[in-house]
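Visitor: Would you mind keeping the following structure in view while I ask a few things?
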């Protein structure tokens, strides 16, 4: 019985490492459903993003439509103003997704979020959208972050 309890605790606490699923706000996934969002490393929320480092982003989602293409658009929202947040690869078809995207299929989107040294130390909201054909939102999520030196 003790072994069973110990095994359960290990499984339950195993996801408390350097990153894992984060709680997010869906900001309009009109033609898709987000199954899970992982930001690594992000052991606690709000995620603390350190200047000069890069963070991996993995979004598992299901598309409700077919789409020939996908494009990521990322913003930092500061005081209600959306400021473009450049990422290394905006083409979702080069970020873990085998295009064309098929209806009712689940995908794992992978990308990096680089935090440049020139960014100010500030609290903000990261908004990340993946757009399909005709700019339809395959997914859109927001999480609060803290950029630190």
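Glycine too: its Cβ is placed from the backbone N, Cα and C atoms.
According to Swiss-Prot:
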type: DISULFID; residues: 27-140; note: disulfide bond
type: DISULFID; residues: 42-47; note: disulfide bond
type: DISULFID; residues: 93-99; note: disulfide bond
type: CARBOHYD; residues: 58; note: N-linked glycosylation site
type: MOD_RES; residues: 116; note: N6-acetyllysine
type: SIGNAL; residues: 1-21; note: signal peptide
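Looking at the shown structure, can you explain where the listed features end up?
Guide: For residue 140 (disulfide bond), the same-chain residues that are 6 or more apart in sequence and have a Cβ closer than 8 Å to its Cβ are 26, 27, 28, 29, 30, 127, 128, 129, 130. The DSSP secondary structure for residue 140 (disulfide bond) is strand.
DSSP assigns residue 42 (disulfide bond) to coil in the three-state reduction, outside any helix or strand. If you draw a 10 Å sphere around the CB of residue 42 (disulfide bond), it holds 22 other CB atoms from the protein chains shown.
In the three-state DSSP classification, residue 93 (disulfide bond) falls within a helix. Cβ environment of residue 93 (disulfide bond): 69, 70, 99 lie under 8 Å away, each six or more residues apart in the same chain.
In this structure, residue 58 (N-linked glycosylation site) is part of a beta strand by DSSP.
Long-range neighbours of residue 116 (N6-acetyllysine) (same chain, six or more residues apart, CB within less than 8 Å of its CB): 51, 52.
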Visitor: In whole Å, how far does the CA atom of residue 42 (disulfide bond) lie from that of residue 58 (N-linked glycosylation site)?
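Guide: Checking the Cα atoms of residue 42 (disulfide bond) and residue 58 (N-linked glycosylation site) gives a distance of 12 Å.
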Visitor: Provide the number of Cβ atoms within 10 Å of the Cβ of residue 99 (disulfide bond), excluding the reference atom itself.
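Guide: Here the count is 15.
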